[in-house]
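Now, the feature entries from TrEMBL:
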| type | residues | note |
| --- | --- | --- |
| DOMAIN | 19-291 | domain 'NADP-dependent oxidoreductase' |
| ACT_SITE | Tyr56 | active site, proton donor |
| SITE | Lys86 | site 'Lowers pKa of active site Tyr' |
| BINDING | His119 | substrate binding site |
Amino acid sequence: MVTIPVAALTSKGKTIPLVGFGTAEYPFSSSNEASKEAALHAIRLGYRHFDTAALYQSEQPVGEAIAEALSLGLVKSRDELFITSKLWASNTHRHLVLPALQNTLKNLGLEYLDLYLIHFPASLRPGSGYPFKEDDIVAMDYESVWEAMEECQLLRLTKTIGVSNFTCKKLHKLLATAKIPPAVNQVEMNPVWQQKKLREFCEEKGIHITAYSPLGAKGTPWGTSRVMDSEILKEIATSKGKTVAQVCLKWIYAQGVSVVVKSFDKERMKENLDIFDWKLNAEDLHKIEQIPQSRGSLAEIYVTEKGPFKSIEDIWDGEI
Ligand SMILES: NC(=O)C1=CN([C@@H]2O[C@H](COP(=O)(O)OP(=O)(O)OC[C@H]3O[C@@H](n4cnc5c(N)ncnc54)[C@H](OP(=O)(O)O)[C@@H]3O)[C@@H](O)[C@H]2O)C=CC1
Ligand SMILES: O=C[C@H](O)[C@@H](O)[C@@H](O)[C@H](O)C(=O)O
């Protein structure tokens, strides 16, 4: 079993495993037996950090895997795990935050989360489905939604709170009224979208970054093949006797951030943990830095003529 290193979060004594297990399997469905089996096998391999979301409907299968792992003695106590979930945009309304978290905990069969994230800096009308309609998109009231997130932490239903897909500008706005600053910002990050500016900003503010879609999420509706098909990454992988996926994960790990990577394939789940006992050298790192940058994630679905996001620029604030 692999022991995964951890990093300290701002909250006293709380740590986050630097490699976590992603659970977004499209199309999203809770009756996915494969998700439960994969999560259980992941625990066997040494994964301790599980990234779920109400949107993915992966909370229930992950919860079942945790219960089984405990009954099999694969972990001695729930405290050995780091469980993340996310508040979906139809619930980013002050009065809906706590009920959404309570529902998430029910799905997982847990008393608390380790990390609760605002999934995306947008709101949808309460009750909106997914995929949502243009008319469903409304502006998010950062101050009141964050207050409700803080309340969740004060009620000890989650150890820490954070955000996802936030730019420097949006973090700045949130920090202006936050009493508890976000512990984490989970964002797209891989060799093709390196997030240099955001990483610098978050480091200065003490906000830990978790990288999602570290392999570019090839084959998903929100993914790109540019990462796995990169000739530079292939060249480095060959020279090291490693795979492109391992080079991506190693590069992210070397930046001092955590990463969540999804595979439901036993061999690839194992491969994705084999990143600790070898190094990328200065030349490899330099080559990766030169890779042309482009964002992969599917933000276009939030852009409408009436706003609040009238362009992709409004979502990402022109930040690269
Ligand atoms: N906060 C947010 O908005 C977002 C959060 N996330 C989170 O991040 C997690 C990871 O990101 P995700 O978007 O899933 O994308 P990843 O970059 O983790 O890529 C996942 C894809 O790569 C394949 N794969 C995994 N390992 C390997 C490997 N070693 N070699 C070749 N192919 C491989 C998987 O297939 P297979 O399963 O067959 O191995 C899957 O198709 C998500 O599952 C989710 O938990 C993701 C997107 C947005
Ligand atoms: O709004 C859309 C969603 O964020 C969609 O992009 C998700 O599936 C996302 O990729 C994720 O995995 O969290």
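Note that Cβ sites are derived from N, Cα and C of the backbone, with glycine treated the same way.
According to DSSP, Lys86 (site 'Lowers pKa of active site Tyr') is assigned to a strand segment. The separation of the residue listed as 'substrate binding site' from Tyr56 (active site, proton donor), Cα to Cα, is 11 Å. Lys86 (site 'Lowers pKa of active site Tyr') has a Cβ environment of 27 other Cβ atoms inside 10 Å. In the three-state DSSP classification, Tyr56 (active site, proton donor) falls within coil.
A 10 Å cutoff on Cβ-Cβ distances gives Tyr56 (active site, proton donor) a total of 25 other Cβ atoms nearby, all chains included. The Cβ of His119 (substrate binding site) lies under 8 Å from the Cβ of Ala53, Ala54, Leu55, Lys86, Leu87, Trp88, Ala89, Thr92, Ser164, Asn165, each on the same chain and at least six residues away in sequence. Taken residue by residue with DSSP, His119 (substrate binding site) is part of neither helix nor strand, so it is coil. Taken together, the residues in the domain 'NADP-dependent oxidoreductase' (19-291) have a mean pLDDT of 97 on the 0 to 100 scale.
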